[in-house]
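Peer 1: Annotations for this protein, taken from Swiss-Prot, read as follows:
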{"type": "BINDING", "residues": "T68, D190, L236, V237, C238, A239, P240, Y241, W242, E243", "note": "GTP binding site"}
{"type": "BINDING", "residues": "S70, E82, F83, D84, P240, Y241, W242, E243, K261, S274, Y275, T276, I277, K278", "note": "ATP binding site"}
{"type": "BINDING", "residues": "E82, D84, D190", "note": "Mg(2+) binding site"}
Amino acid sequence: MENFAEKKISKPLTFGEGIQYVLDRISIKPEDRQTFKEDAQQIQNEFVRAISKQDPYFASAFRGLALTGSSLDNVRINLPDEFDMLTKIKMPCKLEPVPIRSHPGYVFLRASGDNIPIHLVDRWEDEYCIDRLKVQAWFRDNITAVIPELSNIRCNDGRSYELVNKTIGDVAHTIQAKCLSDPDRSISFDFVPAFEFSASEWPRIFPQHRNEDRSWYAVPSEFKYPNVGDDPLSFLVCAPYWERMVLTKKQHLKDGYRLMKAMRDANDMPKIYSYTIKSVFLNASNVNKLINWNQSPGRILIRAIDLLAMFLRKGKLPSYLVPDRNMLDRLSVDMRQDYRRKLCHIFRRLIRCRDRDCMTSEDLQFIFGMRY
């Protein structure tokens with residue numbers, strides 16, 4: 001296919017050509033994909049090795065890293081320089097997920113049997129449950145201890161990296177690897193503590209999904225609802241490999257997903273997270289004929305923007321895994337209205353481009369923040 005991003009353009013593009021131009025601009029170069037992947041693997045290995053050496057309990061509990069997020073779904077744009085990693089932990093006792101009925105998608109992790117890790121649990125009625133604040137403190141203390149020694153991780157082609165702790169949220173531990181030989185190159189990692197469960201352990205009160213016996217996870221997360229008190233025992237369920245099954249073999253869907261991310265970045269909508277966009281596509285895939293995935297990426301983008309605007313108007317975007325959980329709970333009414341207004345303007349501009357089969361440089365600037 002002709003790469004419009006690499007040619008000189010002397011006349012207005014058709015709608016399809018304009019969309020392809022954007023896809024070419026935001027696509028990841030094969031050489032970048034390879035070198036970032038290799039460097040990330042080496043950095044991850046050194047990071048885990050250092051913590052395992054620092055903390056024998058972590059070494060005995062660690063069960064590997066599982067890629068999640070946009071890199072797993074192959075929808076990252078521009079550079080493959082961010083990696084979301086589930087850090088799998090196995091406790092030496094039995095853990096049972098107990099749904100929190102008042103908070104859809106959340107569970108307690110009840111600990112029982114021998115060898116309950118007293119330093120990571122708290123009392124819940126007459127039983128023990130994993131305390132996410134203690135788990136996060138455990139991770140944080142280990143990271144703080146090893147970061148100073150990870151100042152020169154050697155990778156391929158003479159590149160070396162220094163690690164810096166950038167954690168600010170309540171779920172992931174964010175580590176930035178700064179390339180010492182190239183100040184413009186860095187790699188960001190979000191390490192999320194994750195307790196792994198088999199598909200058969202998925203709580204029965206939650207909707208059932210196609211899973212091919214793949215695992216799901218419980219990750220530390222405070223309640224995402226406004227004006228609700230925190231509970232240190234709360235964990236959120238996630239199943240990235242189940243969700244990946246829904247998106248697989250739908251290349252036009254993934255192209256529409258990438259276009260949505262580029263549109264969001266260009267129009268100052270930072271609270272429309274990548275997972276928010278993913279939830280729009282998961283919901284559309286879950287309802288027969290809501291979107292025709294055989295359409296061109298540009299037409300899928302138009303439909304997806306229309307759907308997101310509808311969800312913002314209603315104030316609710318259902319989670320794919322647990323539909324009673326609202327993915328928009330943390331957006332204020334004013335922010336929802338602001339984002340919806342922007343989306344409606346973009347939607348109308350795209351419709352005009354589609355109907356006249358022409359996408360000018362000004363159109364691309366308005367929608368995607370780029371020109372040809």
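Every residue number used here counts from 1 along the chain in the order it is shown.
Every residue, even glycine, has its Cβ placed from backbone N, Cα and C.
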Peer 1: Taking the Cβ of W242 (GTP binding site) as reference, which residues of that chain separated by at least 6 in sequence fall under 8 Å from it?
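Peer 2: Expected: H209, R210, N211, R214, W216, L321.
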Peer 1: As a test of the contact definition, list every same-chain residue at least 6 positions from S70 (ATP binding site) whose Cβ is closer than 8 Å to its Cβ.
Peer 2: R76, E82, D84, K261, S274
Peer 1: Within 8 Å of the Cβ centroid of the Mg(2+) site residues E82, D84, D190, which other residues of the same chain have their Cβ?
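Peer 2: Not counting the recorded site residues, we get T68, G69, S70, S71, F83, M85, A172, T174, S188, F189.
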Peer 1: Give the helix, strand or coil assignment DSSP yields for I277 (ATP binding site).
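Peer 2: Once the DSSP labels are grouped into three classes, I277 (ATP binding site) ends up as helix.
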Peer 1: Based on the record's binding annotation for ATP (S70, E82, F83, D84, P240, Y241, W242, E243, K261, S274, Y275, T276, I277, K278), what whole-number value in Å is the widest Cα to Cα distance?
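Peer 2: Across S70, E82, F83, D84, P240, Y241, W242, E243, K261, S274, Y275, T276, I277, K278, the two farthest Cα atoms sit 22 Å apart.
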Peer 1: A 10 Å Cβ contact count, applied to the binding-site residues F83, Y275: which residue has the minimum?
Peer 2: Y275
Peer 1: Looking at Cβ-Cβ distances, which residues of the chain lie under 8 angstroms from L236 (GTP binding site) while being 6 or more apart from it?
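Peer 2: The answer is G105, Y106, V107, V171, A218, V219, P220, S221.
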Peer 1: For P240 (GTP binding site), what is the secondary structure by DSSP, using just helix, strand and coil?
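Peer 2: SS state of P240 (GTP binding site) = helix.
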Peer 1: Measuring C-alpha to C-alpha, could you say which of the binding-site residues C238, P240, Y275, I277 are within 10 Å of D190 (Mg(2+) binding site)?
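Peer 2: So the list is empty; none.
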Peer 1: Which ones in the same chain are close to T68 (GTP binding site), with CB under 8 Å and 6+ residues apart in sequence?
Peer 2: D84, M85, L86, V192, C238, P240
